[in-house]
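J.: Could you have a look at this structure, given as structure tokens, before my questions?
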Amino acid sequence: MPKAKGKTRRQKFGYSVNRKRLNRNARRKAAPRIECSHIRHAWDHAKSVRQNLAEMGLAVDPNRAVPLRKRKVKAMEVDIEERPKELVRKPYVLNDLEAEASLPEKKGNTLSRDLIDYVRYMVENHGEDYKAMARDEKNYYQDTPKQIRSKINVYKRFYPAEWQDFLDSLQKRKMEVE
């Protein structure tokens, strides 16, 4: 199809436009990424935040959701019954969030593999002799006997079952040698 006739002018750079402000405003208006996957999948971009959260059964403002009780004015039982319950159209989001919250928390603190190997090596070769451990050539960081003892105690505290298995294996080795 032929091009429509008319004046075409070249694009000129707009020097009068403040690009810094334009970019800042664009960043402010851009919708943030919703971290919670349950909420993100149920989100309707055509609706407002308040409408979306109301459909999911979540509160926009926690202060309004659970207000402080006022001691002077007591609500009558009739008033409480007359208040309409909000309709929850997406209850599965609320159920998923509650199920996720009820799961046991993962143990986040662990020791590095290097520290575990270091402790095992020291105990394997020196037993309870911390001074000999401090003089060992594998003591790269030149830990003092007390520092080595504390590292071993940390290992015992973090992995008590593994520590017991390790000690049992050492006992078996000693029995085999004798």
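Using the three backbone atoms N, Cα and C, a Cβ is placed for every residue, glycine included.
This is the feature table in Swiss-Prot:
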| type | residues | note |
| --- | --- | --- |
| REGION | 1-31 | region 'Disordered' |
| MOD_RES | Thr8 | phosphothreonine |
| MOD_RES | Ser16 | phosphoserine |
| CROSSLNK | Lys74 | SUMO2 cross-link |
| MOD_RES | Lys90 | N6-acetyllysine |
| MOD_RES | Thr144 | phosphothreonine |
J.: Going by C-alpha positions, which of the modified residues (Thr8, Ser16, Thr144) is nearest the residue listed as 'N6-acetyllysine'?
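T.: Of all the candidates listed, Ser16 is nearest in space.
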J.: Using the alpha carbons only, what distance in Å do you get between Thr144 (phosphothreonine) and Thr8 (phosphothreonine) once rounded?
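T.: The Cα atom of Thr144 (phosphothreonine) is 81 Å away from the Cα atom of Thr8 (phosphothreonine).
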J.: Write out how many residues of the region 'Disordered' (1-31) are helix, how many strand and how many coil, based on DSSP.
T.: 11 helix, 0 strand, 20 coil
J.: List the same-chain residues at least 6 positions away in sequence whose Cβ sits under 8 Å from the Cβ of the residue listed as 'phosphoserine', in sequence order, or say none.
T.: none
J.: For the modified residues Thr8, Thr144, which one has the sparsest Cβ surroundings, going by other Cβ atoms within 10 Å?
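T.: Thr8, out of the modified residues Thr8, Thr144, has the fewest neighbouring Cβ atoms within 10 Å.
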